[in-house]
Amino acid sequence: MYRFISILSFLELGYTAATIPKMLWNLLSEKKTISFSGCLLQIYFFHSLGATECYLLTAMAYDRYLAICQPLRYPTRMTPALCVKIAIGCWLGGLAGPVAEISLVSRLPFCGPNRIQHIFCDFPPVLSLACTDTSVNVLVDFVINSCKILATFLLVFSSYVQIIRTVLRIPSAAGKRKAFSTCASHLTVVLIFYGSILFMYVRLKKSYSLDHDRALAVVYSVLTPFLNPFIYSLRNKDIKEAVRRQLKRTGILE
């Protein structure tokens, strides 16, 4: 789990760097512009790294499934070599994900005024600026996102169904609490992340209200990466103890 958390931390540095710096720059500057190629690059990295996070969260759910449902086999099955292979597979799958969508968008004609009603470049607001029918783009976007997001979510869900069944068979209450505590952080992150992207990307309509889209965008692009370190840290006894010792050294705690 710690190996996957470290990979997730590195991943989210790139995930947030794809949108937040440019978004903050535009908020502070009077002239808010981005080139068409820059917009496509932003969409590509945002979606590819977002897809990688979906796959990685699924891998983490499988890791928890092995640890709780098959604890005696866990050391031999979830080896460091397998962790590396899973991580590479998540990255390759994520980086290849939005290529078809980017290729279709790059061929669309745009007549202007090319003003994106969003906090960063994304498929729905860019498609709304095209001067031609974008039903094919919307359909391709829906199919790819549905397969990617729903498939990984169902795999995570099925893992937790097996985990809950196993935990409920544990006779002691202390054992149940210990088993659930190892999954609580990951499950919280999954619910926040998938709860927002499912409503945003698994739909056939081009967009809902602009306020609706922008609010959801803030949740999965800013709020979730911001909360993840706190969620994983505050659920970890070793990290909490290290923070407590450091606060005592500085005199904040007695």
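One is the number of the first residue shown, and numbering goes on along the chain from there.
Cβ coordinates come from backbone N, Cα and C, glycine included.
Caution: TrEMBL annotation is automatic and unverified by curators.
Here is what TrEMBL records for this protein:
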type     : residues : note
DOMAIN   : 1-232    : domain 'G-protein coupled receptors family 1 profile'
TRANSMEM : 40-62    : transmembrane segment
TRANSMEM : 82-100   : transmembrane segment
TRANSMEM : 149-168  : transmembrane segment
TRANSMEM : 180-202  : transmembrane segment
TRANSMEM : 214-234  : transmembrane segment
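Outside the transmembrane segment (40-62) by six or more residues, the chain places 1, 4-5, 7-8, 11-12, 14-15, 18-19, 22, 34, 86-87, 89-91, 93-99, 101-102, 105-106, 120-123, 126, 148-149, 152-153, 155-156, 159-160, 186, 189-190, 193, 197, 220-221 with a CB less than 8 A from a CB of the stretch. Long-range contacts of the transmembrane segment (180-202) within the same chain: residues 1, 50, 53, 57, 60-61, 64, 67-68, 141-142, 145-146, 149-150, 153, 156, 160, 163, 167, 213, 216-217, 219-220, 223-224, 227-228, 231-232, 235-236, each at least 6 residues beyond the stretch ends and with a Cβ under 8 Å from a Cβ of the stretch. Remote same-chain partners of the transmembrane segment (149-168), defined as residues 6 or more beyond its termini with a Cβ less than 8 Å from a stretch Cβ, comprise 54-55, 57-58, 61-62, 64-65, 68-69, 176, 179-180, 183, 187, 190, 194, 197-198, 201-202.
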